[in-house]
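Let me begin by presenting the structure, written as structure tokens, before commenting on it.
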Amino acid sequence: MELWLCSTAAMPLRLHATVLEALLPEGVIIPTGFETVGHIAHLNLRDEHLPYKELIAQVVLDKNKPKIQTVVNKTDAIQNDYRTMQLEVLAGNDSLHTMVIESGLRFQVDLGTVYWNSRLATERQRLVNDIFRNSDVVCDMFSGVGPLAISAAKKVKYVYANDMNPTAVEYLERNMVLNKLERKIEVFNMDARRFVRAIYSRQQVHPVTQIVMNLPNDAAEFLDVFRGILRNSQPGLHYVMPMIHVYGFSKAEDPELEFHERINLALGDVDRIEMHRVRLVAPGKWMICASFTLSESVAIAQPTYC
């Protein structure tokens, strides 16, 4: 299978504005940018653009060859457990299987069956470069094909990586081998709560120090798994209280306060918490990362999840 090797980025459409202004009807807002994933340009067109979607896609394709070989548009919001997108090929070849380069690492991706977000590359590097230490053991609860898990494995002691999507796990395992990091990552394919309980049942092997929960639509609701996670731990073992990095969306006037309240609903009062605004995903809608250390009182509390 042919792979197009490209970096991932969010690309401006400024170079195409003049062409599109000449081709589109007066009054139609010119699309402002697109995301690239390997050889694929990923558009997110508004309703007003849909009558002209093939025209817009062809301009993007013509102005970005040979790097761009396929132009797609997302046709529906992500609403399934596997986080896969409904994509329509508008121009170029039909292949959604590609290879991307991020931070010097190579990743095979099939946008039709797995999740990938190029716009989170900076956030992934913030965690790896600024937060994680060489001695850390990282638990990635929603790893996808491994952009964070594999990048972290270059630096940290060990990584546990999990995803519910079996196809994503297949690509994760390929990408581990591709980047020669398979000995530093252990892979799981299960529900995130089961994954956490499985890891903590054998904490004495590689005690987890950093936990990443990058599933912004639902991650805060998974926090309840940490209530009582050490309640039945073996006597005499010393357990490290991990740092948790949980992501969420907020449309509130004060997004940090609203997200903090959601975290408190799951874990009780979490006092010392650091909030980081990752990016503005839509007008008035922020993606937030909340980082805090799991308290021992929560870890030995009565569990609340089913």
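For all residues, glycine too, the Cβ spot is worked out from N, Cα and C.
Residues annotated as signal peptide in TrEMBL: 1-17.
Feature annotation from TrEMBL assigns domain 'SAM-dependent methyltransferase TRM5/TYW2-type' to 34-296.
Cβ environment of ARG124 (S-adenosyl-L-methionine binding site): GLU102, SER103, PRO147, LEU148, SER151 lie under 8 Å away, each six or more residues apart in the same chain. Look at ARG124 (S-adenosyl-L-methionine binding site): DSSP puts it in a helix. Per TrEMBL, S-adenosyl-L-methionine binding site is recorded for ARG124, ASP163, MET164, ASP191, ALA192, ASN214.
The 10 Å shell around the Cβ of ALA192 (S-adenosyl-L-methionine binding site) contains 19 further Cβ atoms across the protein chains shown. Per-residue confidence over the domain 'SAM-dependent methyltransferase TRM5/TYW2-type' (34-296) averages out at a pLDDT of 93. DSSP assigns ALA192 (S-adenosyl-L-methionine binding site) to a helix. Sequence-distant neighbours of ASN214 (S-adenosyl-L-methionine binding site): residues of the same chain at least 6 apart with a C-beta under 8 Å from its C-beta are LEU120, ASP140, PHE142, LEU148, HIS245, TYR247. If you take the C-beta of MET164 (S-adenosyl-L-methionine binding site) and look for same-chain residues 6 or more apart in sequence within under 8 angstroms, you find ASP81, TYR82, ASN189, MET190, ASP191, ALA192. For the binding-site residues shown (ASP163, ASP191), fewest C-beta neighbours within 10 angstroms: ASP191.
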